[in-house]
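Undergrad: Below is a structure I'd like to ask you about.
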Amino acid sequence: MVQVLSVLVIPLLTLFFGYVASSSIDLSVDTSEYNRPLIHFTPEKGWMNDPNGLFYDKTAKLWHLYFQYNPNATAWGQPLYWGHATSNDLVHWDEHEIAIGPEHDNEGIFSGSIVVDHNNTSGFFNSSIDPNQRIVAIYTNNIPDLQTQDIAFSLDGGYTFTKYENNPVIDVSSNQFRDPKVFWHERFKSMDHGCSEIARVKIQIFGSANLKNWVLNSNFSSGYYGNQYGMSRLIEVPIENSDKSKWVMFLAINPGSPLGGSINQYFVGDFDGFQFVPDDSQTRFVDIGKDFYAFQTFSEVEHGVLGLAWASNWQYADQVPTNPWRSSTSLARNYTLRYVIQMLKLTANIDKSVLPDSINVVDKLKKKNVKLTNKKPIKTNFKGSTGLFDFNITFKVLNLNVSPGKTHFDILINSQELNSSVDSIKIGFDSSQSLFYIDRHIPNVEFPRKQFFTDKLAAYLEPLDYDQDLRVFSLYGIVDKNIIELYFNDGTVAMTNTFFMGEGKYPHDIQIVTDTEEPLFELESVIIRELNK
């Protein structure tokens, strides 16, 4: 007889969180705020942090997103709930009523995941429930001085949940033991589960035959420890241009990022259903921007790996100038493994499945083979502005001797003119160092001067290709009101950052400029699009 198991991955932490008293929940709110993103999910009101329980309903053809949610304030606080939203295309989201809530105001339903129990191993379902909609949530129940792993099941496809009467299903007598991720291991016909044991900085991997009774199989610990581990994820990722795959362990740290605050790291290796063994001890980051944390993947995805993250940073998330909501998610990304300089590296890209035909192209600028000089910049001349743009640029670096300090070009994201001023952020490339960078400092705007809001970040990249002896690079970017996602060299490196222009201002046009008098950069292809939801 084949033993059916669930695999659970849990990190084992030390943080103090504030308390906010309960009040009535009112989701009716004006959503016309000038800097609210259009296609990055934001709650209508209140506070959001980690995405939870991502899954795809194959029967309803619907994506489900749950998230850490405080509807009573725009800062973290208990009682904490699982908020809920759905989408049929990953960019147009409908927010629903709270999915799971705590029993008392000084408690919280902390992060977790959802598994579709097709085979009814839990015994929660009968034949009237579609196998694709047998939804079981496993989450951390945060009560005073204790964190346990509890489960709840849904009989209506994930909109409402009933808590298991014999909770908790895992209790290790710790107040820093959370963020369970459950997944079905097809090869071993098993469910696996992991959690973070924060205080001891390790990931614990459990197995179960019924989602109710769990056995500890192994521990994992590596990489940047930071102050705590959290939000661990273990998933099989395909290798590009092959029929092979490798297992990848994702885990988050906070604080402890080299950039400050929170970040996600990953490890490539093998998993036998019980233990994860990395290929090496090297630390790699999922996204090198300042605002990409608590990464989650969708379960029940038919092809490939699709995931998103919380687009903020614990260093300043509760201070950003948005109202009546705080925080957004990143866009969903497709993940693969690619050999880069003979080493497997995680790559991320947004493709047509994430930016579907339902996104309206309002206007477009398209150019080819432009030799960029200080007398020949590129500028959009779009008639209106939605604050939502994307751009795709492939360029090569010409072999010229240029003056020191004149080895770069910049992409300026400019606001509309308001009160006789224009706010800008810039992305650029320095050919002398093979370095992409972003500068999100905006003079005369208060928030970007916050102590921990690192305004300048950079990334060294090897060329994507060579044209004879000339280096070739590519950059795709998407700008959505107050967030920019950058994908360098076909997704070899991703960088996500929020930015905040002055009151009433948001992105209006894009310029590509350089200081060089002679052409150092040939822009082989430039496509800039103004988009609308």
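For all residues, glycine too, the Cβ spot is worked out from N, Cα and C.
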Undergrad: From Asn120, Asn401, pick the one Swiss-Prot annotates as N-linked glycosylation site?
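TA: Checking Swiss-Prot against Asn120, Asn401, the N-linked glycosylation site entry points to Asn120.
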Undergrad: So of all those glycosylation sites, Asn72, Asn119, Asn392, which one's Cα sits nearest to Asp50 (active site)?
TA: Asn72
Undergrad: Can you grab the distance from Ser111 (substrate binding site) over to Asn72 (N-linked glycosylation site)? Cα atoms, rounded to a whole Å.
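TA: Given the Cα positions, Ser111 (substrate binding site) is 18 Å from Asn72 (N-linked glycosylation site).
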Undergrad: Which of the glycosylation sites Asn120, Asn126, Asn219, Asn334, Asn419 has its Cα nearest to the Cα of Gln68 (substrate binding site)?
TA: Asn334
Undergrad: Just checking: which of Asn72, Asn119, Asn219 have a Cα that is within 10 Å of the Cα of Trp47 (substrate binding site), counting only these glycosylation sites?
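TA: Hits: Asn72.
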Undergrad: Of the glycosylation sites Asn119, Asn219, Asn419, which one has its Cα closest to the Cα of Asn126 (N-linked glycosylation site)?
TA: Asn119
